[in-house]
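*Asks:* Sharing the record's features from Swiss-Prot:
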type    : residues                   : note
BINDING : G78, F83, A129, E130, R148 : S-adenosyl-L-methionine binding site
REGION  : 216-238                    : region 'Disordered'
Amino acid sequence: MTPDEFLSALTEFDIQLSDKQIKQFERYFELLVEWNEKINLTAITEKNEVYLKHFYDSIAPILYGLITDQPVSILDIGAGAGFPSLPMKIIFPELKVTIIDSLNKRINFLSLLTEELGLENVTLLHGRAEDFGQDANYRGTFDFVTARAVARLSVLTEFTIPFLKKNGILLSLKAAQFEEELNDAKKAIATLGGKFIKEVAYELPNGDERHIALIEKKKETPKKYPRKAGTPAKNPIK
């Protein structure tokens, strides 16, 4: 997907990018490749692949109407090089984005990136989701939590649901179908106060399949969750 094909694909969803936004994506690509030589951000560095598998894929929640142009708060868990939240932020500058990442080098990259792209209302937090999930400054405060290829749902839900406001939505972006994952995660979702709402299945322009699971927070998460760092991955709620 060339940059021009990226722009053309967005117009099919009635999204027209300004010159500023086009340049922001271009600079994003340049910085991603430049920093990737110093720290491991992504295995995908070829320009057309970045535009397809990082930029286009990241904005799927916008393309399919799950996130609209409103000043809602989004927490991105394990965003790595800023996916999916920062491409969405470029499209909808009103979004209030917070990113948690456990690697300080990635936070340094994201700090430079957001400054270079002129993105405001982006908060970067260095640490573990399990720790921030017990912090009253962040717990139960977000409209959306996004996570792209971070962990299986049975683990991911413990990382994410505690951060949501009541009626907030977890958007879990997955490459493959997750029926088996969803079955494994039913106990965790219910225990944490969530409810599976629906799955959005779609294809990238090259035919690759993608899926987004929507899980809504229906009631408060018990105080014991998330458990201490490392425990959810080693011992998922069953």
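Glycine too: its Cβ is placed from the backbone N, Cα and C atoms.
Note that the coordinates shown come from a computational prediction; the quantities given were computed from them, not determined experimentally.
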*Asks:* Which whole number of Å gives the largest C-alpha distance between any two of G78, F83, A129, E130, R148, the residues noted as binding S-adenosyl-L-methionine?
*Replies:* 20
*Asks:* So for A129 (S-adenosyl-L-methionine binding site), how many other CB atoms are inside 10 Å of its CB?
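*Replies:* Around A129 (S-adenosyl-L-methionine binding site), other Cβ atoms within 10 Å: 27.
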*Asks:* Which entry in the list of binding-site residues, E130, R148, has its Cβ near the fewest other Cβ atoms, using 10 Å as the limit?
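*Replies:* Each of the binding-site residues E130, R148 was scored; lowest Cβ tally within 10 Å is E130.
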*Asks:* My understanding is the cutoff is Cβ-Cβ under 8 Å with a sequence separation of 6 or more in the same chain; which residues meet that for F83 (S-adenosyl-L-methionine binding site)?
*Replies:* H54, D57, S58, R148
*Asks:* Which of the three DSSP states, helix, strand or coil, fits R148 (S-adenosyl-L-methionine binding site)?
*Replies:* strand
*Asks:* As a test of the contact definition, list every same-chain residue at least 6 positions from G78 (S-adenosyl-L-methionine binding site) whose Cβ is closer than 8 Å to its Cβ.
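*Replies:* Same-chain residues close to G78 (S-adenosyl-L-methionine binding site) (Cβ under 8 Å, separated by 6 or more) are I100, D101, S102, A129, A147, V150, A151, F159.
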